[in-house]
Amino acid sequence: MGFGSGGSEALMKDFLRQVGGCAVIDGGLATELESNGADLNDPLWSAKCLISSPHLIRKVHLDYLKAGAHVIITSSYQATIQGFMSRGLSEEESEALLRRSVEVACEARDIFYKECSDGLNNHNQIKRQTILVAASVGSYGAYLADGSEYSGDYGKEMTLEKLKEFHRRRLGVLAAAGADLIAFETIPNKLEAQVYAELLEENNISTPAWFSFNSKDGVNVVSGDSLIECASIANSCKKVVAVGINCTPPRFIQGLILSMRKVTEKPILIYPNSGERYDPDKKEWVASTGVTDEDFVSYVSVWREAGACLIGGCCRTTPNTIRGICRALQKKYDAPNGSAP
Ligand SMILES: [Zn+2]
């Protein structure tokens with residue numbers, strides 16, 4: 001299934017009902033590509049695989065579907081026309097690669113459905129024909145590839161208009177590529193949230209979107225802008241069907257959900273990272289700073305109770321984390337006093 005064109009908040013609510021109240025988002029894509037042998041030490045990061053190894057992207061999407069994800073996020077996070085063109089690709093080739101990211105995810109979904117109908121995937125997934133492909137839009141900071149999606153500092157020269165110009169064409173291409181949703185991920189500041197909201201309206205984009213912010217203090221978004229103000233921008237945009245947080249340590253999530261709930265009744269999504277810290281100079285994750293899968297999963301019922309209804313993982317989470325999330329949600333529904341919504 002998909003939302004199709006003309007998707008709306010009602011369709012998101014319908015989707016959530018179909019999956020039993022809480023949807024499972026996939027886990028980290030780029031970091032899982034690395035675990036599968038990809039070398040992503042490159043300004044294009046995971047988008048590099050769109051050029052060199054789309055089969056690996058398809059495999060990781062499929063691994064997440066088999067682990068129980070209802071939503072898979074494409075490999076376009078750091079894929080930009082500007083980034084591809086600086087590698088010598090033409091504008092047409094760059095746009096084709098953006099579309100390819102959606103195709104690869106749709107191919108994985110088709111393979112998964114086929115395996116389900118052939119009886120190759122056991123458990124309750126057989127019954128499910130409810131998988132959404134979300135086209136990722138990473139921030140301008142992700143394109144810069146200098147870690148500034150974790151500072152949200154784009155310098156004094158940056159303006160709303162310049163940032164709109166940066167995002168406009170890529171968003172148009174991704175919105176027309178056949179995804180069910182647009183996932184604006186790791187939004188580090190209020191300016192970029194405003195840019196996305198205005199572009200969605202001005203270009204009358206019919207693919208529904210989610211806005212997902214990141215935080216490093218558990219209160220504000222990473223730039224220091226108020227999360228409440230950022231979530232209010234998302235709330236005011238009719239095209240936005242869910243609002244949330246990604247790539248943020250698990251320990252901050254509960255409080256952040258509660259703050260967002262003060263300003264929105266839209267469904268809340270969260271896909272925290274493993275809690276490890278990213279060192280932008282060394283371009284690596286500091287492993288000792290994270291939580292185990294077990295600890296990550298133990299938060300699931302807390303996040304659910306706080307009001308999250310799409311839950312997954314971001315960087316350094318794996319198909320195993322996603323399996324754990326599914327089990328935790330299942331347990332909740334199976335409980336004698338089942339608190340399923
Ligand atoms: Zn992440």
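Each Cβ is built from the backbone N, Cα and C atoms, and glycine gets one as well.
Heads up, TrEMBL stuff is auto-annotated, nobody curated it.
Keep in mind that what you see is a predicted model, and the values were worked out from it rather than measured.
The following features are taken from TrEMBL:
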BINDING   C247, C314, C315  Zn(2+) binding site
DOMAIN    11-329  domain 'Hcy-binding'
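The Zn(2+) site is set by C247, C314, C315; from the centre of their CB atoms, other residues of the chain with a CB within 8 Å are G28, T31, T186, N214, N246, T248, Y271, P272, N273, S274, G313, R316, T317.
Around the Cβ of C315 (Zn(2+) binding site), 23 further Cβ atoms fall within 10 Å across all displayed protein chains. Mean pLDDT across the domain 'Hcy-binding' (11-329) comes to 95 in this model. When other Cβ atoms within 10 Å of the Cβ of C314 (Zn(2+) binding site) are tallied across all protein chains shown, the result is 27. According to DSSP, C314 (Zn(2+) binding site) sits in a coil region rather than a helix or strand.
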